[in-house]
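Here is what TrEMBL records for this protein:
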- 1-171: domain '3-hydroxyacyl-CoA dehydrogenase NAD binding' (DOMAIN)
- Ser30, Lys37, Ser106: CoA binding site (BINDING)
- His127: site 'Important for catalytic activity' (SITE)
- 173-270: domain '3-hydroxyacyl-CoA dehydrogenase C-terminal' (DOMAIN)
Amino acid sequence: QVTAASGHTVVLVDQSDEILKKSTKGIEESLKRVTKKKFADQPEAGAEFIEKTLKNLTTSTDAASVVHSTDLVIEAIVENMEVKNELFKTLDKFAPEHTIFASNTSSLQITKMANATTRQDRFGGLHFFNPVPMMKLVEVIRTPMTSQRTFESLMHFSKAVGKSPVSCKDTPGFIVNRLLVPYMMEAVRLFERGDASKEDIDVAMKLGAGYPMGPFELLDYVGLDTSKYIIDGWHSLEPNNPLFAPSPLLNKLVEEKKLGKKTGEGFYKYK
């Protein structure tokens, strides 16, 4: 959406036409919300903006067939290294030499993905934040093999789509999640020890630190399974780092399929 809205030609690729129809409808709805704010007094200009953006967007279920005319590939599929590497290996065979590959992963190593291809110098991370149309930040990740030219292209692209890029080396969690995930885990440990209630911890961080959500609200919003997946991955990389220690309570909730807002219950219950 943000790439098409900034005048770039975009091909959205997914597994089925059904998913793509749903995605396109979602983008249309999102654009309507954006135009309500952006073009409050100019409904005609708003309608034109939506039409123009949707013209820049086509869809496909065959990534290999569309990648030959692509300058930049942004992968945002399931957080599974093997599945990502399979995709990148395939696309590497069909993409032109100049094409840059980027992953939107929040927790996996970009270097490992780059190594699945023959274009390690044209590979980096572009980590957008949810909801992407609202959030201004993009983390641009460079691996030890990312060329200066590729890095500059990714920074330039981020600015061209209206975002504020920050750069980081390929380190677990990059900047935001590297600080955020251990903070949320510390909140869980504080609660596990019985030092404070989850409600009081949430209120304290909202009123004391000015955060829009408390750590337990945020965990439920992100999904407890996602948070567990991240912390388990980091724990396997650095088993002696106490910040990455797993949480028995978090594991128990995930086992019980209480994954947060998406299942109706996590640390809190949702109607």
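Glycine is treated like the rest: Cβ placed from N, Cα and C.
What you see is a predicted model, and the numbers here were worked out from it, not measured in a lab.
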Arithmetic mean of per-residue pLDDT over the domain '3-hydroxyacyl-CoA dehydrogenase C-terminal' (173-270): 96
Protein Cβ atoms within 10 Å of Lys37 (CoA binding site), excluding its own: 8
Between His127 (site 'Important for catalytic activity') and Lys37 (CoA binding site): CA-CA distance (Å): 26
Densest Cβ neighbourhood among Ser30, Ser106 (binding-site residues), 10 Å radius: Ser106
Rounded Cα-Cα span from Ser30 (CoA binding site) to His127 (site 'Important for catalytic activity'), Å: 20
Site extent for CoA (largest Cα pair distance over Ser30, Lys37, Ser106, Å): 29
Surrounding CB atoms that lie within 10 Å of the CB of His127 (site 'Important for catalytic activity'), all protein chains: 24
Tally of DSSP helical, extended and coil residues in the domain '3-hydroxyacyl-CoA dehydrogenase C-terminal' (173-270): 65 helix, 3 strand, 30 coil
